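Student: Structure incoming, see below.
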Amino acid sequence: MKIILATSNKHKVLELKEILKDFEIYAFDEVLMPFEIEENGKTFKENALIKARAVFNALDEKQKKDFIALSDDSGICVDVLEGNPGIYSARFSGKGDDKSNRDKLVNEMIKKGFKQSKAHYVAAIAMVGLMGEFSTHGTMHGKVIDTEKGENGFGYDSLFIPKGFDKTLAQLSVDEKNNISHRFKALELAKIILKILNKG
């Protein structure tokens, strides 16, 4: 069984390939011509399913027999911002680049008079194939701070300190991050489903 990842985000592709290294993984653009997918769901799970369905439906009939489309939708929910940016994490600033999104998050927090806040990351994984549709979910709790620290990671990693740590995700090694991340937790559950489907 082959897995096609319903994302063109290079950072996400690397992270997903690392965590799912027991499977034969292909990035979206290795199999299909890239196309835009409108993420108009109201939850992480809905958006993950929208992306996985779109990619699976774009495969030809032979490919559909060989592939499962796997998608991740994830984001950060900040308590003092009433759970925002949430499902809009990737496009929070309106510009779609990580630095602008981080800057907006810090500015919004400071506007409310806070230098840090409790926050949590959420990841929803969706899998779509001829056998049906499946989804899993993972969370990681911690706090966001107003100063970027660390060089690793992407997204909001340089602002987020996981619970039980004194470093941001961007200061942790790839292995340290992958062992605690929301995406890792959701993918560990997804692996169980994928192994069952592979036997079937």
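Including glycine, each Cβ sits where the backbone N, Cα and C put it.
Here's the feature list from Swiss-Prot:
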- T7, S8, N9, K10, H11, K12, S74, F154, G155, Y156, D157, K177, H182, R183: substrate binding site (BINDING)
- E38, D73: Mg(2+) binding site (BINDING)
- D73: active site, proton acceptor (ACT_SITE)
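Can you tell me where each of these features sits in this structure?
Tutor: In sequence order, V13, L16, A27, F28, K51, S71, D72 constitute the residues six or more apart from T7 (substrate binding site) in its chain with CB-CB distances below 8 Å.
Residues within less than 8 Å, Cβ to Cβ, of D73 (Mg(2+) binding site) and separated from it by at least 6 positions along the same chain comprise E39, G41, F44, K45, N47, A48, K51, I87, A123, A124, A126. DSSP assigns D73 (Mg(2+) binding site) to a strand segment in the three-state reduction.
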Student: Residues with Cβ closer than 8 Å to the Cβ of S74 (substrate binding site), same chain and 6+ apart in sequence?
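Tutor: The list for S74 (substrate binding site) reads F44, S89, Y121, V122, A123, A124, H182, R183, given in order along the sequence.
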Student: For D157 (substrate binding site), what is the tally of other C-beta atoms lying within 10 angstroms of its C-beta?
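Tutor: D157 (substrate binding site): 24 neighbouring Cβ atoms within 10 Å.
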Student: When neighbour density is defined as the number of other C-beta atoms within 10 angstroms of a residue's C-beta, which of the binding-site residues N9, H11, E38, H182 has the lowest density?
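Tutor: Among the binding-site residues N9, H11, E38, H182, the lowest count of other Cβ atoms within 10 Å belongs to E38.
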Student: Once the DSSP letters are reduced so that anything not helix or strand counts as coil, what is D157 (substrate binding site)?
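Tutor: It is helical.
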Student: So how many other Cβ atoms are close to G155 (substrate binding site), meaning within 10 Å of its Cβ?
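Tutor: Here the count is 21.
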Student: For E38 (Mg(2+) binding site), which of the binding-site residues N9, H11, G155, D157 has the nearest Cα in space?
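Tutor: Minimum Cα distance from E38 (Mg(2+) binding site) across N9, H11, G155, D157 lands on N9.
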